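These features come from Swiss-Prot:
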DOMAIN    104-287  domain 'ATP-grasp'
BINDING   LYS141, GLU178, TYR179, ASP187, ARG211, SER212, ASN213  ATP binding site
BINDING   ASP248, GLU260  Mg(2+) 1 binding site
BINDING   ASP248, GLU260  Mn(2+) 1 binding site
BINDING   GLU260, ASN262  Mg(2+) 2 binding site
BINDING   GLU260, ASN262  Mn(2+) 2 binding site
Amino acid sequence: MRIAILSQGPELYSTKRLVEAAQLRGHEVHVINPLECYMNINMRQSSIHIGGRELPTFDAVIPRIGASITFYGSAVLRQFEMMGVYALNDSVGISRSRDKLRSMQLMSRRGIGLPITGFANKPSDIPDLIDMVGGAPLVIKLLEGTQGIGVVLAETRKAAESVIEAFMGLKANIMVQEYIKEANGADIRCFVLGDKVIAAMKRQAMPGEFRSNLHRGGTASLVKLTPEERSVAIRAAKTMGLNVAGVDLLRSNHGPVIMEVNSSPGLEGIEGATTKDVAGAIIEFVEKNVTKVKKVTQAQG
């Protein structure tokens, strides 16, 4: 097969591992920066170009689209889809998962466990918003944040009011969530592929830090999932419409709660913690599913 990997970073661990795994299985791989692509959209023969040349035909595309380029990256991916190329994760699923509030709304409708979440627009609603999520301590999140950036733990009501008011004053979109104290600064990353969790790791925050992201100094270790955790992770990925997802959950007193569904999960932490060939499993999944793609894709725009 000829496989395109949409990535701005050919030197990144995840990209290199996918290239390596695909080449080991005899495939031709091209790493393409989506920001360098431009599109010809017409009723006869749509195409994608880079540097004055039309890209060749691909059998499959693996999107590794960063959060900062979601809009343009999704547009490029959608163009591949409209040209009949199999997308490991499609543009609709990626767009859903990148909108944190929409993700929460979709999962709540499916009855998936979540932290109590509040969203408001007016400063006059702040007191009731805080009460809705159970009061302080609580977590305040920028909807556009990634890797723990833009996430604040407000330990007192006064601090919560001040931070929320400041974000609102900056016209920043935020959501407010209950603080799951019993998680003790740890979360679980479930790596979902198709209808299975193929790997999982526990991420523990540094002392004095509540964010467990590995980019913020958290440590990763093996973890054994309960059947309920495995099931809820798969349901969360399916709700987003993703074939590949990093589903982050916390162990709360009332069962697992989903914090986020990541459509472009990193491979370094999960492969390091579990010693599993996650990249190889992804390429194998593409091989099995690429023949099922229809000439007219299911992308809804």
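Using N, Cα and C of the backbone, Cβ positions are placed for all residues, glycine too.
Given the structure is predicted, the values throughout are model-derived calculations rather than measurements.
ASN262 (Mg(2+) 2 binding site) sits 20 Å from GLU178 (ATP binding site), counting Cα to Cα. If you average pLDDT over the domain 'ATP-grasp' (104-287) in this model, you get 93.
DSSP gives ASP248 (Mg(2+) 1 binding site) a strand state. Distance between Cα atoms for GLU178 (ATP binding site) and ASP248 (Mg(2+) 1 binding site): 16 Å, as a whole number.
In the three-state DSSP scheme, GLU260 (Mg(2+) 1 binding site) is classed as strand. Residue pair ASP187 (ATP binding site) / GLU260 (Mg(2+) 1 binding site) shows a Cα separation of 11 Å. Counting every protein chain shown, 22 other Cβ atoms lie within 10 Å of the Cβ of LYS141 (ATP binding site).
DSSP classifies TYR179 (ATP binding site) as coil under the three-state reduction. Taking the Cβ of ASP187 (ATP binding site) as centre and 10 Å as the limit, one finds 22 other Cβ atoms among all the protein chains shown. A sphere of 10 angstroms centred on the C-beta of GLU260 (Mg(2+) 1 binding site) encloses 18 other C-beta atoms. For ASP248 (Mg(2+) 1 binding site), the same-chain residues 6+ apart in sequence whose C-beta sits under 8 angstroms from its C-beta are ASP187, ILE188, ARG189, CYS190, ILE258, MET259, GLU260, VAL261, ASN262. Mapped onto three states, the DSSP output places ASP187 (ATP binding site) in strand.
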